[in-house]
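A.B. asks: Below: one structure in structure tokens.
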């Protein structure tokens, strides 16, 4: 199979075959990361700009390293350090970058749909690095890559997503991707942090954590955004932790070989207990490594690379 899309905007409209192509391509990319010399000339002469309108540590540095490991020329821009601070529109920013010859724009933006809008405005490939509460496709892909590495096929797995589902673009992308791959997705959290009609996305909804964890194969713990407490969406961090924090006792409800994931950054002692976060069932640090591999795969595919050329 060959990659045929100009952009990666979300997982909602990707096919299972396209998802597998990305994950398959990430396998040899991870091998590159494990080398002493982490460099391949694959994207020499190609250029990538990271355009971030929101703060980021993991996603931005991950894309930057992904580009560098493939020998692409990379430039990082933030809203505060660019003409955006002077009032330049997103469209004009994109057209300016295109005029400079950029091949790929990786963008994070607070507005849902911003990546899709930019993709319609410019000929360069656009990768959505998070748009509002809409999607965060590369985070979901690295989560799925980690699950596939540890569990094999995702079909039939019971995957629990815990936390603020309402505001989480990570949750949405994971739901779209995992359900396409045949997983049983369970979402659990306070009723005030659960979207209405989320069952229509093909998930099972729980409000009691213990029920959701019963027999789970994967537990993906979302970061609780502290500002939600100020908005009155849950009483206190202590109360949230009491009801929805992942601790050793609750972990015993899951399958004996269940794995723990977290997109980071963690609020240790709130959504996840220290011993669980650093226990032998946690693959949180490996998710970070896998994120670089998945983003390398996407840069390769979106610039015309073919998987079979890597596997030969």
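Quick reminder: no glycine exception, Cβ is built from N, Cα and C everywhere.
The model shown is predicted, which means the values in this text are computed figures rather than measured ones.
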A.B. asks: 58, 59, 136, 139, 264, 265 bind carbamoyl phosphate in Swiss-Prot, but which of 35, 108, 238 does that record place at the same site?
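C.D. replies: Same carbamoyl phosphate site in Swiss-Prot: 108.
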A.B. asks: Pop the Cα-Cα gap between residue 223 (L-aspartate binding site) and residue 59 (carbamoyl phosphate binding site) into the table, whole Å please.
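C.D. replies: That separation, Cα to Cα, works out to 15 Å.
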A.B. asks: Among 58, 59, 108, 136, 139, 264, 265, recorded carbamoyl phosphate binders, what is the largest CA to CA distance in Å?
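C.D. replies: Taking every pair of listed residues, the largest Cα separation comes to 17 Å.
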A.B. asks: Using a 10 Å cut-off on CB atoms, tell me which of the binding-site residues 58, 108, 136 is the least crowded.
C.D. replies: 58
A.B. asks: List the Cα distance (Å, whole number) between residue 223 (L-aspartate binding site) and residue 264 (carbamoyl phosphate binding site).
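C.D. replies: Rounded to the nearest whole number, the Cα-Cα distance is 7 Å.
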